[in-house]
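*Asks:* Take a look at the following structure, please.
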Amino acid sequence: MDKHLLVKRTLGCVCAATLMGAALATHHDSLNTVKAEEKTVQVQKGLPSIDSLHYLSENSKKEFKEELSKAGQESQKVKEILAKAQQADKQAQELAKMKIPEKIPMKPLHGSLYGGYFRTWHDKTSDPTEKDKVNSMGELPKEVDLAFIFHDWTKDYSLFWKELATKHVPKLNKQGTRVIRTIPWRFLAGGDNSGIAEDTSKYPNTPEGNKALAKAIVDEYVYKYNLDGLDVDVEHDSIPKVDKKEDTAGVERSIQVFEEIGKLIGPKGVDKSRLFIMDSTYMADKNPLIERGAPYINLLLVQVYGSQGEKGGWEPVSNRPEKTMEERWQGYSKYIRPEQYMIGFSFYEENAQEGNLWYDINSRKDEDKANGINTDITGTRAERYARWQPKTGGVKGGIFSYAIDRDGVAHQPKKYAKQKEFKDATDNIFHSDYSVSKALKTVMLKDKSYDLIDEKDFPDKALREAVMAQVGTRKGDLERFNGTLRLDNPAIQSLEGLNKFKKLAQLDLIGLSRITKLDRSVLPANMKPGKDTLETVLETYKKDNKEEPATIPPVSLKVSGLTGLKELDLSGFDRETLAGLDAATLTSLEKVDISGNKLDLAPGTENRQIFDTMLSTISNHVGSNEQTVKFDKQKPTGHYPDTYGKTSLRLPVANEKVDLQSQLLFGTVTNQGTLINSEADYKAYQNHKIAGRSFVDSNYHYNNFKVSYENYTVKVTDSTLGTTTDKTLATDKEETYKVDFFSPADKTKAVHTAKVIVGDEKTMMVNLAEGATVIGGSADPVNARKVFDGQLGSETDNISLGWDSKQSIIFKLKEDGLIKHWRFFNDSARNPETTNKPIQEASLQIFNIKDYNLDNLLENPNKFDDEKYWITVDTYSAQGERATAFSNTLNNITSKYWRVVFDTKGDRYSSPVVPELQILGYPLPNADTIMKTVTTAKELSQQKDKFSQKMLDELKIKEMALETSLNSKIFDVTAINANAGVLKDCIEKRQLLKK
């Protein structure tokens with residue numbers, strides 16, 4: 001149980017030899033001198049050593065040795081401790097030799113179940129010296145189906161265990177209450193405070209060791225006191241640890257041991273009469289044991305104490321509650337059935353403080369300061385839990401309470417919650433009559449959802465048995481079940497009652513040869529999609545405590561082998577598909593009505609193929625006419641296409657504007673794949689006939705069918721990666737565009753991408769600065785890296801470059817390339833409402849590799865954060881403008897090492913905020929070498945006195961060929977490399993001639 005109040009006792013291991021010495025093991029007439037932690041202690045004759053006490057457990061021996069260690073030289077205290085140990089050993093002997101009564105056979109468990117965790121240290125037999133303990137576990141009433149032994153503080157030699165085994169268990173079993181032992185998760189793993197699992201020599205982490213540990217756990221915690229099962233508490237406070245650190249290997253081992261326990265007891269165990277239970281605070285996706293452990297458990301108990309347990313936690317980003325009760329169940333429903341699922345609340349623990357105050361039961365009334373009792377459940381969270389049922393799957397198994405020995409005690413009032421020293425009347429110990437538990441059990445017993453399914457629900461016995469086997473035994477299961485129901489017993493003669501299903505996901509009717517008619521009188525209520533009418537009884541974050549009703553999808557219907565079926569009526573269900581109808585096996589069909597749906601029956605569709613098969617069967621039996629076959633008044637639903645046919649658009653340069661959406665994004669498709677691009681297409685579709693009759697409703701107009709693209713957005717990117725969201729494109733300049741369309745539902749993933757070419761096509765540039773390495777500069781290095789992450793980021797991202805108005809970044813590009821353009825964005829590009837000052841001046845520079853050593857730069861780049869080491873290739877000045885971005889052309893630069901300087905011209909708090917910097921061009925291996933080849937060619941062409949005019953003309957032609965390919969609209973690396981190679985060869989020949 002997730003209880004902050006409980007502090008688990010950790011016992012240190014103290015070596016017996018250093019504590020007591022060998023002298024304590026002997027019995028001399030005179031006083032013995034004993035060494036305990038290097039201190040001399042005198043002990044009277046006749047007192048035994050701790051290790052000589054044969055019945056005490058090793059854990060209890062450790063405790064007594066620790067007490068002796070602390071006692072030091074206080075002879076009287078040592079004597080008292082040893083006497084206490086001797087008495088403990090006698091009690092342990094009594095426990096070891098007690099006779100366990102014969103087990104009383106128990107009836108099968110049926111919901112609605114009520115469980116309660118009884119704290120052993122509050123049983124009056126736990127420690128007779130504590131006179132304030134007035135409750136006994138054996139007094140739990142018959143309304144408690146599951147009594148959990150929540151053990152802490154009670155010694156393993158306490159006579160409570162004898163009382164439990166010889167009196168409590170037989171008495172509780174006789175009234176129908178099962179008694180379950182709870183152990184922490186870590187007991188299955190070894191490591192810190194892991195009980196018998198600490199003995200790694202006896203229980204090593206091996207397959208055989210895990211089997212042995214599982215058996216020892218069941219023997220110790222179930223069979224030893226003749227209990228009815230085992231409960232493993234899976235939560236963060238009980239996670240396996242080694243040296244106080246969470247142990248991943250221990251978690252994995254605990255799963256294996258859990259499985260081994262499940263092979264001994266529980267639904268898959270050798271002994272199925274003993275229950276195997278898991279309780280947890282985790283959501284399913286955070287519970288490491290649930291996936292592999294679920295098949296082995298009878299029940300799952302989930303602790304949902306307090307307001308957040310009921311309502312979930314509010315998530316401000318998504319603006320909705322998370323970890324709600326329904327979400328918690330949905331997660332676990334993948335692994336267990338609803339009748340296995342129980343939810344829990346907590347009674348008020350005495351002296352509980354902030355962090356352990358749940359307010360699940362009623363508080364003490366202000367005027368009732370002397371009385372700490374309040375047994376009224378009206379309006380409590382506990383009562384709401386008793387009434388709550390999952391919206392899907394079926395009815396829950398029941399509820400449980402923690403600290404049931406506090407049943408009836410009022411909760412401490414909220415106004416005292418933070419007064420740590422305050423002691424309220426509710427902190428007193430009271431004898432309980434379990435009025436609250438009884439009342440909560442009564443609430444569940446009155447819940448009609450738990451009524452058993454009977455012949456009134458399903459008159460056909462074979463059908464009833466099939467439903468109860470697959471769905472559940474309770475009436476409330478019928479309206480909640482959202483799985484698959486397969487009916488394949490040929491003995492089924494009637495399907496009456498299936499209309500009680502409201503959320504069925506799939507209905508399989510297979511080989512039911514005695515069924516002659518299928519229509520809405522027997523088919524599930526959700527043959528037609530609808531809204532969930534089940535309302536929550538829980539408190540929610542909504543002001544009116546009402547949730548928006550969820551949509552219930554239509555049931556998927558599979559019909560095959562109904563050879564006796566004569567009449568099939570699926571009219572008026574708003575269904576879009578006939579898939580699932582094995583029409584060829586419906587060999588006796590005489591009448592079919594599929595009118596009033598949303599079916600596309602166009603030629604070539606799956607719907608049409610199925611319908612034609614049924615039509616043929618009916619024609620062969622009774623003939624096809626308007627009385628035997630109805631298929632009219634269809635209103636097919638229009639859907640957005642998955643893909644769009646038009647992926648490119650070529651336009652001439654002209655002084656015009658083009659609507660991109662109307663040119664590139666259009667069309668509506670049925671779920672059968674029939675594409676309709678225009679109203680003319682729709683009219684032709686609407687006029688299509690089957691046997692002289694139209695299937696599309698004549699009053700179903702195109703505007704009702706077509707989908708709307710009105711709220712779709714567009715992102716238009718030009719060849720320099722400049723973007724706009726304007727759906728209208730001007731064609732007044734030669735350019736190539738990438739056009740992305742986005743749906744209102746998802747603004748991040750394009751539903752369609754197309755290329756638009758105005759004039760001659762251009763190759764799209766690449767941002768060569770994306771992923772660049774920041775190697776120096778004055779800017780904050782963490783935020784400087786964000787400048788090159790390829791995205792503007794969100795409005796809340798911190799991308800300030802530092803505590804000064806002027807900041808620099810030195811960076812290296814990832815790959816060689818030919819740089820033709822650059823762009824940077826002001827903060828207003830990502831946040832129009834920003835108060836950050838825009839960049840007023842900027843300079844873009846490349847490293848002066850001609851005059852300075854690159855290796856020195858790389859060894860200590862911050863020393864090179866000076867203008868003299870850099871060559872400025874472009875500058876920017878705002879001149880009073882507040883632009884969101886600046887971009888400009890560059891002239892075929894090939895440097896990989898760059899420096900950029902941004903200046904807001906403000907005070908030291910007006911730091912530059914630059915979401916993104918782009919260095920634009922084309923990847924080109926050996927770009928620097930290629931450009932040097934061009935430079936060399938230009939230099940040689942000036943040496944007219946050394947070469948003939950013919951040679952100079954040839955050199956010029958090859959130089960121009962390379963420059964043309966470098967500046968071509970279509971950037972062709974192959975052509976560039978070929979021209980560079982030719983020019984290089986030409987240069988080398990001229991240089992040889994020169995020599």
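Each residue, glycine too, has its Cβ placed from N, Cα and C.
Dumping what Swiss-Prot says about this protein:
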type: ACT_SITE; residues: Glu235; note: active site, proton donor
type: BINDING; residues: His151, Trp153, Arg186, Asp237, Gln303, Tyr305, Glu349, Glu350, Asn356, Tyr402; note: glycoprotein binding site
type: BINDING; residues: Lys786, Asp789, Gln791, Pro915, Glu916; note: Ca(2+) binding site
type: DOMAIN; residues: 112-432; note: domain 'GH18'
type: REPEAT; residues: 437-460; note: repeat 'LRR 1'
*Asks:* Could you give the Cα-Cα distance between Glu235 (active site, proton donor) and Asp789 (Ca(2+) binding site), in whole Å?
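*Replies:* The Cα atom of Glu235 (active site, proton donor) is 39 Å away from the Cα atom of Asp789 (Ca(2+) binding site).
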*Asks:* What does DSSP call Gln303 (glycoprotein binding site) in the simple three-state scheme?
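*Replies:* Its secondary structure by DSSP: strand.
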*Asks:* Just to verify a number: CA distance, Lys786 (Ca(2+) binding site) to Gln303 (glycoprotein binding site), in angstrom, no decimals.
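*Replies:* If we compare the Cα positions of Lys786 (Ca(2+) binding site) and Gln303 (glycoprotein binding site), the gap is 43 Å.
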*Asks:* Just counting, how many other CB atoms are there within 10 A of the CB of Lys786 (Ca(2+) binding site)?
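*Replies:* Total other Cβ atoms inside 10 Å, all chains included: 20.
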*Asks:* To the nearest whole angstrom, state the Cα distance for the pair Gln303 (glycoprotein binding site) and Glu916 (Ca(2+) binding site).
*Replies:* 48
*Asks:* Would you report the average pLDDT that the model assigns to the repeat 'LRR 1' (437-460)?
*Replies:* 98
*Asks:* Which is it, of His151, Arg186: the one of these binding-site residues whose Cβ has the most other Cβ atoms within 10 Å?
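*Replies:* Ranked by Cβ atoms within 10 Å, first place goes to Arg186.
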*Asks:* In which DSSP state, out of helix, strand and coil, do we find Lys786 (Ca(2+) binding site)?
*Replies:* helix
*Asks:* Looking at the recorded positions Glu235, Glu349, Asp789, Glu916, which sits with the largest number of other Cβ atoms within 10 Å of its Cβ?
*Replies:* Glu349
*Asks:* Express the distance between the Cα positions of Glu349 (glycoprotein binding site) and Gln791 (Ca(2+) binding site) as a whole number of Å.
*Replies:* 53
*Asks:* Counting Cβ atoms within 10 Å across all protein chains shown, which of the binding-site residues Gln303, Asn356, Gln791 comes out on top?
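*Replies:* That would be Gln303, with the highest Cβ count within 10 Å.
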*Asks:* Looking only at the repeat 'LRR 1' (437-460), how are its residues distributed among DSSP helix, strand and coil?
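*Replies:* Secondary-structure breakdown of the repeat 'LRR 1' (437-460): 12 helix, 1 strand, 11 coil.
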